[in-house]
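Student: The structure follows.
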Ligand code: SAM
């Protein structure tokens, strides 16, 4: 099967259901993820002109690395599987591109060599690659996680085991997953006196993706750790709050309805995205990308998202309150008119962020 993405055309095996059992894995649904990766690589090179080397650590067909090579990155493609690396070679040749192909365990490679940018896009959780990836990255670590059920607390024990944090299955589950992933990556980097700060992150129901910029030093790593903390959440009235620090300090019960609160953490409470970088990435989305419109729309929403650690869903709130939902723009305008900050989020069409709490939202948006 031939697939064209961006400037390249690659061959990938026909994929049985959900890619399971294929000789080499390929997921067409990840085209948006790959288009944004290419745009992010272009924007990152403008931001940090000295970067030149890119490792596609779990390459499969090589489509990500081939696209990086087509954008003039000095690229290395790595996969543990013989069929995958053979296909990477063919796909480079087909596009008349040169890159280094390694049949290796990515952990071994990343422990022995460092690259300006490392991309870890594995099956499921990236955690088995996290320590080596931190050591093998000089500037930017790009990570995908597709194990959304453990990340967001739907598979609680698995989430605790993989990420060393308590995830909770809340109505802001995709953001919970993103912040659990970021917490684990930040704590991994901190072990090596590295601050890993997300400059771009996006989540869908299928995966979480983040781009972490590195800064070296114990002091900056401590500053990053200071942005970890806990979210306390009421399943009944949907009130929530957060506190910073590695020791959870939850209120005893929900201050609004007196019901039991659930606590999740330590999660990343800091920014998940730099608005200026999201704008710079958007400028690098070009027409040859199959998901250009979707990518630009996503990046615009990311750039506008206000900086709070959880989001709400208007429909869920209105259902709780026994009233009808309304157009998102009007709903957000009511919050702003009352003096609160408010924005849509990329987590869903009816989601929003605000600095108002759940009682204030209800009052501000009443008829
Ligand atoms: N990045 C690819 C893309 O955009 O199409 C998809 C990668 S696929 C989800 C994961 C790949 O990781 C598989 O090809 C698998 O063989 C490879 N893999 C699994 N364990 C590995 C390891 N320890 N080192 C290197 N590659 C590994």
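Note that Cβ sites are derived from N, Cα and C of the backbone, with glycine treated the same way.
Copying in the features that TrEMBL gives for the protein in this structure:
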| type | residues | note |
| --- | --- | --- |
| BINDING | 34, 64, 79, 105, 106 | S-adenosyl-L-methionine binding site |
| BINDING | 234, 237, 254, 257 | Zn(2+) binding site |
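Please go over these features one by one and say how buried each is and what sits next to it.
Tutor: Counting only same-chain residues at least 6 apart in sequence, those with a Cβ under 8 Å from the Cβ of residue 105 (S-adenosyl-L-methionine binding site) are 80.
Sequence-distant contacts of residue 254 (Zn(2+) binding site), defined as residues of its own chain at least six apart whose C-beta falls under 8 angstroms from its C-beta, comprise 234, 236, 237, 239, 260, 261.
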Student: Can you go through the binding-site residues 79, 105, 234, 257 and pick out those with a C-beta less than 6 angstroms from ligand 1?
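Tutor: So the answer is 79, 105.
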Student: Residue 257 (Zn(2+) binding site) to residue 79 (S-adenosyl-L-methionine binding site): how many Å between their Cα atoms?
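Tutor: Taking the Cα atoms only, residue 257 (Zn(2+) binding site) lies 52 Å from residue 79 (S-adenosyl-L-methionine binding site).
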Student: 10 Å Cβ neighbour count around residue 106 (S-adenosyl-L-methionine binding site)?
Tutor: 24
Student: State, in Å as a whole number, the widest CA to CA span among the S-adenosyl-L-methionine-binding residues 34, 64, 79, 105, 106 given in the record.
Tutor: 22
Student: Ranking the binding-site residues 34, 64 by other Cβ atoms within 10 Å, which is at the bottom?
Tutor: 34
Student: Please classify the secondary structure at residue 79 (S-adenosyl-L-methionine binding site) using three-state DSSP.
Tutor: strand
Student: Would you find the one among the binding-site residues 234, 237, 257 whose Cβ has the most company, meaning other Cβ atoms within 10 Å?
Tutor: 234
